[in-house]
Amino acid sequence: MLRNTLKCAQLSSKYGFKTTTRTFMTTQPQLNVTDAPPVLFTVQDTARVITLNRPKKLNALNAEMSESMFKTLNEYAKSDTTNLVILKSSNRPRSFCAGGDVATVAIFNFNKEFAKSIKFFTDEYSLNFQIATYLKPIVTFMDGITMGGGVGLSIHTPFRIATENTKWAMPEMDIGFFPDVGSTFALPRIVTLANSNSQMALYLCLTGEVVTGADAYMLGLASHYVSSENLDALQKRLGEISPPFNNDPQSAYFFGMVNESIDEFVSPLPKDYVFKYSNEKLNVIEACFNLSKNGTIEDIMNNLRQYEGSAEGKAFAQEIKTKLLTKSPSSLQIALRLVQENSRDHIESAIKRDLYTAANMCMNQDSLVEFSEATKHKLIDKQRVPYPWTKKEQLFVSQLTSITSPKPSLPMSLLRNTSNVTWTQYPYHSKYQLPTEQEIAAYIEKRTNDDTGAKVTEREVLNHFANVIPSRRGKLGIQSLCKIVCERKCEEVNDGLRWK
């Protein structure tokens, strides 16, 4: 606490703003009220706190929750007294948000109430797009299960806080759906390792792999790692900061202040922590899920089947292939198509494509998918065995296009938010998370020139990313990540590094 108080004074001096460490105003949600609304909106000085409050459903999002958050965020965007937004759960550390309430959607579909299903996804995806283009800082506490719709609430925010309780996944392949909520836009851009052609992004989308908070941080799925017990103090701290220049919470300068405030509460990774993916496993993912070389799921399966490498690599490839065989064949193909399209599109178009896909899968006019049936099997009937897929044929390109495209007979659009912008790259994500392999490659290649003999050492790479870039100076785990990249992707030539 003394360390944090001293840092507050340092930040006050650096940025020229005042902090209030004793007299902050806050309203706390009454979580013991049984009829409390599913989303709570409270005040923490100049911050606004949105608390998901549907614990019995692990905060699974329904239309009411998405709609209320969307409307309130629009009001916060216009408010002169709101500097930033904190998004968290009343159910932590068990869950942040376990996903969208697709069980209810499946019931709508069986009852032919497709308008209700489409409204559900319109509300949810409009919220995702709003968060992705929000002009004030949003800080998300991913303390607990963060899956599906929970990923949609967090992945688009520049400040994504993982904890020791985080369990991150996109498990939609198990219910015959697809990795939605803009995840196929986000993951190709922010994942740090084995992702030069969206390989790790595609792997996570197709396998539904669950990763811990520490792994989520190392992979770039989270921007910071903070112990769960420090989140309340962090919330108070965030409510104390205000932008110094023209009181503009949309300025890049204020985003930097938010980042430095979060950095004060960052926790070390667990002492026994070992990154989930060894170099051999990263090599498998990189080789077998390359978007530029794989046009179909069958290509990926063949790559896994024929993988040549170490014994560890071959075993991992076989493990992945076995896992993929339990997933919905049609969903795998749709997911691949969406990663291909959304990895090169802008955020608004990508989330609209998710909306078209969700609506078409709900209506299922051509009987190409098994979303409703598989969702009922797993989430309503609570069957523990995988759903017995019957739609196993390879879809034609025209069928995939039809599923992921709008229908003239079914007009739909995202709700209009206050930002009225879109972009192909997030403006702040790369500044505050660990660097990607592509960033490290660009630096090494820029510093290396065989004609002039210019070279760069591993030590210089580590120093550049850990000390030279202000927003990443001393960042947790940055040296470990750079070492992984240098060891796996570089070769030593004349006492320097060359990118392979």
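Backbone N, Cα and C atoms are what each Cβ position is placed from, and that goes for glycine too.
Positions annotated as substrate binding site by Swiss-Prot: E124, G149, E172, D180. Long-range Cβ contacts of E172 (substrate binding site) within its own chain (separation 6+, distance under 8 Å): G148, F178, P179, D180, G208, S331, A335.
The phosphothreonine annotation in Swiss-Prot covers T326. Within 10 Å of the Cβ of T326 (phosphothreonine) there are 14 other Cβ atoms, across all protein chains. In the three-state DSSP scheme, T326 (phosphothreonine) is classed as coil.
Residue annotation for substrate gives E124, G149, E172, D180. The furthest Cα pair among them is separated by 16 Å. Taking the centre of the Cβ atoms of E124, G149, E172, D180 as the substrate site, the nearby residues of that chain (Cβ within 8 Å, site residues left out) are G99, G100, V102, F121, Y125, G148, V151, G152, F177, V181, D354, A358. The Cβ of G149 (substrate binding site) has 26 neighbouring Cβ atoms from other residues within 10 Å, across all protein chains displayed. Taking Cβ-Cβ distances under 8 Å and a sequence gap of 6 or more within the same chain, the neighbours of E124 (substrate binding site) are L61, A63, S66, G100, G149, G152, V181. Secondary structure at G149 (substrate binding site), taken from DSSP and collapsed to helix, strand or coil, is helix. Counted within 10 Å of its Cβ, the other Cβ atoms near D180 (substrate binding site) come to 29, all protein chains included.
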